[in-house]
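Q: Starting off with a structure, shown below.
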């Protein structure tokens, strides 16, 4: 075979950063990243965005040089993505915060509500239930992060962790403040409303967990090849018949049920923002499926069956 030459330029200045000689044509982008890393130790592979065009998409690790539209001399462009942090660490930080922040309000620490006697009175039973459900949700997320999730992208820019934590931690504090407030008013329809919400909450949590396990099983072999997810024998996965991202459908359902359970305006607002963000993610993933798979099920919608 004829060896290739790879020229790597800075994506912005077009200045040559390195010239790799005698690169095997079956070399992957991951291997090229490692070669580049040896020359520039400060730019470890996770920080590198390697592209065919300065404004194009980042090439995937598994793409092979000879399969790209280049000749024996390939010109690639490098962009520094900045310091990176692993997704597992990201999720552990994001989800641990709300778990403990909520308890500060639930236990009515003196610096939150004060020491007045009415501020230390026993809360309505739904307040205890809300704390259990909120804690269960984030403990489940932590368990999934460690034992279930398989990340297609290993890292995230470090700068994004502050934004993400502000979102999760900030909303957890806002919700907890009102739900655990001494003047909190319980749901209008009492136990019937609460019991309905709890059942809905548990169903959605079980569904969300089932979908995550099913998606993880697709990559059980360690392959990064994208596959179409299909329903399994688990009834909770049957939502795959109708939507591309049932994990988001169940997640939104979880927060809708928590809103009904607590009948709290801040929870409702958080649920609305969750729905908007997850709809954006679901549409993006749905479009990716349609683009990559010609035989993708036509009945599926991104997040809401038959509608959206």
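Glycine too: its Cβ is placed from the backbone N, Cα and C atoms.
Summarising the annotation, TrEMBL assigns domain 'TECR-like N-terminal' to 5-80. Positions annotated as transmembrane segment by TrEMBL: 85-107, 166-184, 196-215, 235-250, 256-276. The domain '3-oxo-5-alpha-steroid 4-dehydrogenase C-terminal' feature in TrEMBL is assigned to 155-308.
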Q: Report the listed stretch (85-107, 166-184, 196-215, 235-250) having the maximum count of Cβ pairs within less than 8 Å of the transmembrane segment (256-276).
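A: Most contacts with the transmembrane segment (256-276): 166-184.
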Q: Need one number: mean pLDDT over the domain '3-oxo-5-alpha-steroid 4-dehydrogenase C-terminal' (155-308).
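A: Computed over the domain '3-oxo-5-alpha-steroid 4-dehydrogenase C-terminal' (155-308), the mean pLDDT is 93 on the 0 to 100 scale.
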